[in-house]
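Participant: Structure provided below as structure tokens; questions to follow.
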Amino acid sequence: MTLEQTIAFLTFSVVGAITPGPSNVMIMATGPLVGLTRGLPCVFGAALGMSSLFFCAGLGLAQLFLLYPLTLAIMNLIGAAFLFWLAWKIATAADVTQAKGDTKAVCFLQAAAFQWMNPKGWLVAVSGIAAYSGASPGSAFGLAATFAVLFFLAAFPSGLAWLIAGALMQKLLQDARIARAFNIVMAIVLAGSVATIFV
């Protein structure tokens, strides 16, 4: 990839990674529950999960979905159903004060696997590969690896920003009423972010 292509793709990656979506809602909701340090594996897993999605898309998965769009549509519907269920779980979750002591952070593997169920992740990966791979010279493996690394460089600091935002609210959310409102807002944002993908 040329420098111009690299900058263009990195810009695309930052926009795709930092804008609200299911993954960032999950990361932000993790912050108040477990704090910054214990939430880091969640951020790392999410970034690596999306990078692996880009890598596979770059090796031909994106082309497969472009040839058979119904396959992607079905996967998106399954992913959306899972995320709507997750939104319900967040809305009805115990507040920070009730959960304190037995709360487990979203682990690295869970966060990475979550990306493969995320309709926004698939949309970003397929559209990114479709837009940037054709104009970039080089082997498919080399390009896929480049796309994966560049997206990770955008996704990790973006996810970290969402985690910090959530962690900063940890003390505020000791109030049960505020925590309950926070859970409901996060659930609505999650459900809304999924719904906008299909509009």
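From the backbone N, Cα and C atoms, a Cβ is placed for every residue, glycine too.
No curator has checked TrEMBL annotations; they are predicted automatically.
From a predicted model like this one, the values you see are computed outputs, not experimental measurements.
Annotation source TrEMBL lists transmembrane segment at 6-27, 39-61, 67-88, 122-141, 147-169, 181-198.
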Participant: By Cβ distance under 8 Å, which residues at least 6 away from the ends of the transmembrane segment (39-61) in the same chain are close to it?
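Facilitator: Beyond its ends, the transmembrane segment (39-61) has Cβ neighbours at 17, 23, 26-27, 30-31, 105-116, 121-122, 124-126, 128-129, 133, 140-141, 143-145, 147-149, 151-152, 155-156, 159-160, 162-163, 166-167.
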Participant: Are there residues at least 6 beyond the ends of the transmembrane segment (147-169) whose Cβ is under 8 Å from a Cβ of it, and what are they?
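Facilitator: For the transmembrane segment (147-169), the list is 6, 9-10, 13-14, 16-18, 23-24, 27-32, 35-36, 39-40, 42-44, 46-48, 50-52, 54-55, 57-58, 128-129, 132-133, 182.
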Participant: Is the transmembrane segment (122-141) packed against any residues at least 6 beyond its ends, judged by a Cβ distance under 8 Å, and which are they?
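Facilitator: For the transmembrane segment (122-141), the list is 1-2, 5, 8-9, 12-13, 16, 50, 53-54, 57-60, 62, 65-66, 72, 75-76, 79, 147, 151, 197.
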